[in-house]
Amino acid sequence: MLKTSPRPAPAPLSPGPARRPRARWAAPAASSLAAMSAYCLATAVRGTYPFGGRSRDVNDLGNQFVPFHAHLWDLVHAQGGGDLLFNWNSGYGVPFLADFLTYLMNPFSWLVALFPRDALDLGVFLVTLLSIGLGTALMTVFLGTLRPGPPWLRAILAVGYGVSGWVTYDGWSDPMWMWGLVSFPLIGIAADWALHRRRWTAGTLLITACWAGNFYTAAMATLGMGLILGVRLLLDTRPVRERGRAVMRAATMTATGILLAAPVVTVPYLASRAAQPAPDETWDGPPEARDYLAHLLPGGYFTSTPRICVGVLALLLVLTFPFMTQVARRERAAWCTLAVLVALSYIWRPTILLWHGLAIPNGSPYRAALALTTILVAIAWLALSHGPRPRELLLGTALLAALLAAASTSPYMSSGTWILTLAGLAASGGLLHLLHHRGPRTPLLCALAATVFLGTAGAAHSTSEIRDRQPFWRPKTTLDADSLAARAAVRAHDTWPHGRSDPGRHEFADNDPLLLGGQGGSYYSSYVPARTAATLHDLGAGWEIGGRHLLALDDPVGRAIMGTGSHLESAADAPHGFVQSTEAAPPVVTLRPPGTPLDSATTDASLFARRNRVLGAPLYTAPTLSASAGDLHLPAGTTTFTARCTPGSTAQLYAPWYSGTVRALGVTLNPDPLRPMANPGLLTLATVPATGEFTVTFDSAKAQDIPRTPLGCFDRGTLDKVVDALQATGPTRVTAGGHSIQAAFRPGTTGTAVIAVPAADGWRCQVDGGAARTPGTLGGLIAVKLAGNTSRVACSYHTPGLKSGLVVSGLALATLLAVAIGGALRTRTCRSSTGKH
């Protein structure tokens with residue numbers, strides 16, 4: 001019998017000849033350019049800004065990030081209200097550093113300062129685009145640390161990471177999270193240095209850069225890359241002691257890097273503890289298996305599953321990897337187990353909490369899917385660098401066909417998904433087959449790159465097209481002729497710090513005071529201080545998102561309390577959709593007579609009693625609807641009350657959680673709040689008739705409780721007299737710094753100085769340069785008692801957690817410098833010793 005020798009297995013792909021060293025840097029640059037170009041192509045085909053007329057400012061991008069970047073622009077150009085510590089524009093004065101450290105620390109955010117303010121949308125777009133580019137380039141480098149191989153093939157796979165499903169759904173509309181795209185490979189590179197006992201100082205600084213840029217995604221990247229490092233250590237053949245040293249090196253590098261960025265952690269942590277609680281989030285349980293598997297495929301859209309698509313080429317390689325016998329069985333088992341366990345960790349509540357800082361996120365519970373995205377790309381590279389054989393590719397293709405069959409009935413699957421998957425599979429499979437036989441020649445690499453480029457661009461476009469059909473994702477137009485006209489109107493009447501010019505409730509975004517300027521009550525952030533939310537709520541302001549989106553006080557009395565002399569109101573028939581109203585208002589700092597009871601000494605019977613106390617005058621009369629104590633119970637159906645107020649006064653209703661119909665004085669209101677998510681605040685009815693008597697009818701399908709004193713009436717003439725009195729007794733001069741405010745009174749002034757700013761934790765006040773103390777409050781506003789010889793009050797805001805964070809950072813910096821200097825001295829000593837011998 002004739003015997004034949006087995007055909008030798010082809011060698012794994014090599015890095016290529018040494019005559020191409022430039023590829024080491026050219027490949028990351030090319031991958032960066034390709035990923036950014038693919039994203040731009042998808043955006044252009046969709047006709048979205050900056051390549052078309054469709055605004056990209058959806059959801060939080062329009063409501064938070066564009067306004068916050070506008071505020072950053074104002075601060076850089078010395079036009080902002082406040083500084084990095086405090087924000088005078090929003091919520092009638094709120095802390096700002098936690099917002100800055102959370103929303104604006106992506107280094108690319110500073111680029112907005114280079115653009116005209118009316119074009120800062122382009123700067124915000126570049127934050128996303130450049131994060132994609134840098135993250136893709138770094139992933140190209142990181143893959144090379146896992147296993148050597150042709151840099152151009154690494155670059156091709158990295159494009160699937162840069163324009164992954166996570167980016168096109170979770171990341172693109174949150175510029176702060178896009179730094180996570182950078183953090184994963186950056187921490188991976190630092191971990192590789194720790195594994196090989198190199199560059200401890202440089203690795204520490206990389207960790208710091210990740211955590212400083214965005215601590216939220218950096219925490220996910222630290223955990224995810226820690227798992228990858230664990231697999232690499234498991235597969236490492238060095239002695240246990242050496243691997244233990246690598247673990248210690250990585251741990252100290254990580255700890256020191258995080259501690260260097262300590263204020264980025266301590267300030268937001270304490271701010272979140274003092275913030276209005278987030279609405280209760282419930283997790284609906286794990287998604288169906290078909291939906292989870294479907295998200296490995298490109299071009300669909302489904303909201304309740306981790307977004308883990310990395311492109312068809314990478315997916316085919318991942319599915320081929322378990323069958324590649326040229327890879328050690330132990331290595332295949334370790335990486336596949338890691339991928340499966342991380343995938344399962346996204347559908348088990350305890351591990352979801354672990355990934356997201358021990359809290360179910362307000363929004364998608366799968367933001368950490370970027371970790372699995374990274375792992376899938378890493379496995380794809382390990383497969384590609386070993387050179388998959390045709391038989392193994394066929395088995396991977398069969399597994400992909402089975403995945404398609406399992407996912408075929410998922411709502412995620414669209415016509416785009418089928419086209420992109422089947423076309424990508426045919427092209428990728430064929431090119432990998434040729435690559436196996438001919439090696440990484442330039443025409444094959446170009447064809448493979450074109451396949452990935454068109455596939456990622458097509459997937460991004462398909463996902464965007466499906467998403468944009470949903471009403472939730474309808475974009476806002478934050479910077480157009482109307483908003484620019486509103487900004488000009490607000491700034492034209494800006495008298496800060498004497499008075500306020502409020503954009504009002506006319507909304508271009510949920511953070512109009514940041515977008516337009518002025519000093520308003522609207523404010524949307526995860527860091528709304530609970531004390532600020534309670535203060536404004538108790539004074540009659542409305543809110544949304546459970547108090548994390550505050551609304552301005554929009555009635556004459558509320559504006560008088562806050563010193564607002566100008567505000568905007570919606571008007572559909574006006575040229576720009578709004579009208580501006582001005583009125584006499586007290587200054588921001590006012591004086592109350594001696595004996596005025598502060599919050600610590602009294603409890604108000606109603607909103608109207610509280611407003612009377614805050615203004616220091618009996619402005620409101622409150623008709624009695626019931627003599628019972630506690631809330632007023634309204635049965636289901638119709639309930640009518642008869643009320644009596646001063647003829648000609650203005651009647652107002654305060655029933656913030658009432659849902660139904662209210663009819664009074666010819667006005668019909670239909671409030672429909674969702675407690676505790678939203679309430680409209682104080683509602684104005686109409687003028688009381690000459691008889692002084694009117695009826696109020698409540699009509700609802702369900703029984704409800706409302707405040708015992710839901711009605712109040714005020715006389716406009718009396719309000720004018722109160723305003724005149726507060727102006728006459730006010731300070732002679734008011735000045736404000738970035739996070740401070742000062743008022744000069746006539747010598748010998750007594751009483752209580754009231755600063756119309758919610759007294760959030762961190763305020764300290766001095767009287768005539770005396771010891772700084774925590775101020776009292778009047779209706780939740782800053783209140784400082786004055787002695788008979790007082791002439792000056794000065795209050796400043798001190799950010800909780802900043803000082804302790806800086807101390808910790810200083811200690812970490814000293815450690816870093818000691819290690820760096822010690823290492824340099826040891827290196828010099830070793831070189832000197834070598835030279836002597």
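Glycine residues also receive a Cβ, built from the backbone N, Cα and C atoms like all the rest.
Now, the feature entries from TrEMBL:
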REGION    1-22  region 'Disordered'
TRANSMEM  92-115  transmembrane segment
TRANSMEM  122-146  transmembrane segment
TRANSMEM  152-169  transmembrane segment
TRANSMEM  176-195  transmembrane segment
TRANSMEM  215-235  transmembrane segment
TRANSMEM  247-271  transmembrane segment
TRANSMEM  301-321  transmembrane segment
TRANSMEM  366-384  transmembrane segment
TRANSMEM  393-412  transmembrane segment
TRANSMEM  418-435  transmembrane segment
TRANSMEM  442-460  transmembrane segment
TRANSMEM  805-825  transmembrane segment
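Taking pairs at least six residues apart, the transmembrane segment (215-235) and the transmembrane segment (366-384) share three or more Cβ pairs below 8 Å and count as touching. The transmembrane segment (301-321) shares the most Cβ pairs under 8 Å with 366-384, out of the stretches 247-271, 366-384, 393-412.
Residues 65, 102-107, 127-128, 131-132, 134-136, 138-139, 141-142, 145, 161-162, 167, 170, 202-204, 206-207, 209-210, 213-214, 216-218, 220-222, 224-226, 228-229, 232-233, 236, 246, 249-250, 253-254, 257, 367, 370-371, 374 of the same chain lie 6+ residues outside the transmembrane segment (176-195) yet bring a C-beta within less than 8 angstroms of a C-beta in it.
Beyond the ends of the transmembrane segment (805-825), by six or more residues, the same chain brings 200-201, 204-205, 256, 259-267 to within a C-beta distance below 8 angstroms of the stretch. Among residues of the same chain six or more beyond the transmembrane segment (247-271), those with a C-beta under 8 A of the stretch's C-beta atoms are 95, 97-98, 101-102, 105, 190-191, 193-195, 197, 200, 203-208, 210-212, 215, 222, 226, 229, 233, 527, 529, 799-802, 804-806, 808-809, 811-813, 815-816.
Ranked by Cβ pairs under 8 Å to the transmembrane segment (152-169), the stretches 92-115, 122-146, 393-412, 442-460 are led by 442-460. Long-range contacts of the transmembrane segment (122-146) within the same chain: residues 27-29, 31-36, 39-40, 49-50, 56, 61, 65-66, 69, 73, 106, 108-109, 111-115, 154-155, 157-159, 161-163, 167, 171-172, 175, 178-179, 181-182, 184-186, 188-189, 192, 232, 374, 377-378, 381-382, each at least 6 residues beyond the stretch ends and with a Cβ under 8 Å from a Cβ of the stretch.
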